[in-house]
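The following features are taken from Swiss-Prot:
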TRANSMEM  29-49  transmembrane segment
TRANSMEM  53-73  transmembrane segment
TRANSMEM  82-102  transmembrane segment
TRANSMEM  111-131  transmembrane segment
TRANSMEM  143-163  transmembrane segment
TRANSMEM  179-199  transmembrane segment
TRANSMEM  220-240  transmembrane segment
């Protein structure tokens with residue numbers, strides 16, 4: 001029983017079937033597909049409403065918040081064209097982080113491979129915007145500040161490149177660690193009930209009450225963590241991309 005709980009929430013299960021006979025499938029990849037299709041269908045249906053509804057009003061408020069507090073704050077007024085990307089990133093992350101709250105579903109951002117993929121997407125955006133705004137040579141120049149002695153230039157360039165990849169790694173690890181931590185704590189409380197029951201059934205009953213209560217409390221905290229980590233990942237991506245975008 002304990003092994004089933006651990007493997008369901010933590011391990012990405014590989015499937016024998018391959019998409020188009022080439023692409024290997026896993027439970028995380030299928031969940032990613034489902035989230036993408038689900039979000040697309042949901043917002044397509046919402047867009048067809050002629051009259052304002054509560055959900056539409058909430059989404060409009062979210063879009064305005066992302067535009068003003070994340071995009072414009074880091075890119076300026078001319079960066080408003082990036083609002084759709086950051087809205088998509090925020091909503092996709094929100095769904096990905098929240099899915100584990102549903103019974104029998106899994107939080108795909110609790111897999112390091114998924115968070116690395118998302119961080120690499122952010123890295124691609126940072127480099128793309130930096131090169132687009134400043135040109136390839138101009139973008140590379142900002143890694144070595146003007147006035148740097150020639151003998152220090154290679155070292156500074158290496159350190160700046162290393163810093164860029166370090167920030168990307170931090171994005172992936174921060175999201176992964178925060179999303180997996182809550183599930184691990186809940187699993188520990190649940191496993192404690194089974195362990196104590198195996199020792200003595202009365203001890204198991206006595207342990208079940210506080211363990212269940214603490215699990216519910218951690219679940220409530222997880223809702224807050226989901227919102228915070230979704231916002232933090234989106235904001236940090238905007239900050240890093242804005243720094244690359246701003247160099248002239």
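Glycine residues also receive a Cβ, built from the backbone N, Cα and C atoms like all the rest.
Beyond the ends of the transmembrane segment (111-131), by six or more residues, the same chain brings 12, 28, 32, 85, 93, 96, 139, 142, 164-165, 168-169, 171-173, 175-176, 179, 233, 237, 240-241, 244-245, 247 to within a C-beta distance below 8 angstroms of the stretch.
Within the same chain, residues 66, 70-71, 73-75, 86, 89-90, 93-94, 97-98, 101, 109, 118, 122, 125-126, 167, 171, 174-175, 178-179, 182-183, 186 sit at least 6 positions outside the transmembrane segment (220-240) and bring their C-beta atoms closer than 8 Å to a C-beta of that stretch.
When Cβ-Cβ distances below 8 Å are used as the criterion, the transmembrane segment (82-102) is approached by residues 9, 31-32, 35-36, 38-39, 62-63, 66-67, 70-71, 75, 108-110, 114, 118, 125, 179, 183, 219, 222-223, 226-227, 229-231, 233-234, 237-238 of the same chain, each at least six residues removed from its ends.
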